[in-house]
Amino acid sequence: MSQERPTFYRQELNKTIWEVPERYQNLSPVGSGAYGSVCAAFDTKTGLRVAVKKLSRPFQSIIHAKRTYRELRLLKHMKHENVIGLLDVFTPARSLEEFNDVYLVTHLMGADLNNIVKCQKLTDDHVQFLIYQILRGLKYIHSADIIHRDLKPSNLAVNEDCELKILDFGLARHTDDEMTGYVATRWYRAPEIMLNWMHYNQTVDIWSVGCIMAELLTGRTLFPGTDHINQLQQIMRLTGTPPAYLINRMPSHEARNYIQSLTQMPKMNFANVFIGANPLAVDLLEKMLVLDSDKRITAAQALAHAYFAQYHDPDDEPVADPYDQSFESRDLLIDEWKSLTYDEVISFVPPPLDQEEMES
């Protein structure tokens, strides 16, 4: 929203009024969720197909207002090939007093990893390239002290050239309801986050990458649990039951009691589970799908694993600038979050145009 204010036009889409700058044409709805609706559009200024997201009721409560600020701050910070970044942010409002709507513009990504897995079992080389890119993006996100928390195939966008971007990071705060039953929101979640075992760290995302990688190699969901308990049973069938030292570290009395009540199971031999897979892939999976999060491989370590030998380049796996998230602990009023958000909209500077993208 920098420079002079553009000319806006209004149209109704899915019973919602959209008011956007004239540069964005041919808006067509592509989906909506709890936090907003998304239209595909053509950006006449760059020649790119873009996704425009209109946040729904961004300032209706303190929770909403803080979430809006969080999403904008995160997207503005992310500048990496394998992470979705912000192309534009705008509001039709001419002043803070009028400010009520926020629109975010990102690249329009064709397919997600779900579409790709459904269509075919991937070659080992495809799996290497896709997982390498996820880890390259995660190394960047984690270096800014951000945890994705909700990595799953539908949050990984892939284009025709197999180039991948991570979507929707750092925002996920799922309700219990959304995590209940036979749902993909939970199948990729690390056990410690799913069951509130203990304070979790960035390696919750590595667990998810392990689940995704196993699915790419086999064509099937690794742990398609019907509920929390069934999911834990499926996980432990593979990893074995947690050792005593790990159980003792769990602050939750209920979690400790429940796990101590389970029949002891040994860890399975991963080579017998992933028959026919590249032995290096199996070795990496064993380092990702570890119950003890302190012993799980990190994104930076995983990039240096022999499985990615043909892609790994330590000089081209960048880290992020420091990200100040001290706002997370602040208790502010709606109007204060709104004012901070308005400042972020106004101060936005669009990224330099990528020649390759404009030609594609």
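Cβ atoms here come from the backbone N, Cα and C positions, even for glycine.
Note that this is a predicted model, so its numbers are computed, not measured.
Within K53, K66, K76, the residue that Swiss-Prot lists together with V30, G31, S32, G33, A34, Y35, G36, S37, V38 for binding ATP is K53. A distance of 6 Å separates the Cα atom of G36 (ATP binding site) from that of K53 (N6-acetyllysine). Among the recorded positions V30, A34, V38, Y323, the residue whose Cα lies closest in space to that of D150 (active site, proton acceptor) is A34. Note: the ATP site is recorded as V30, G31, S32, G33, A34, Y35, G36, S37, V38, K53; in the same chain, K54, S56 also have Cβ atoms within 8 Å of that site's Cβ centroid. Residue pair S32 (ATP binding site) / Y323 (phosphotyrosine) shows a Cα separation of 29 Å. Cα separation, A34 (ATP binding site) to K53 (N6-acetyllysine), rounded: 12 Å.
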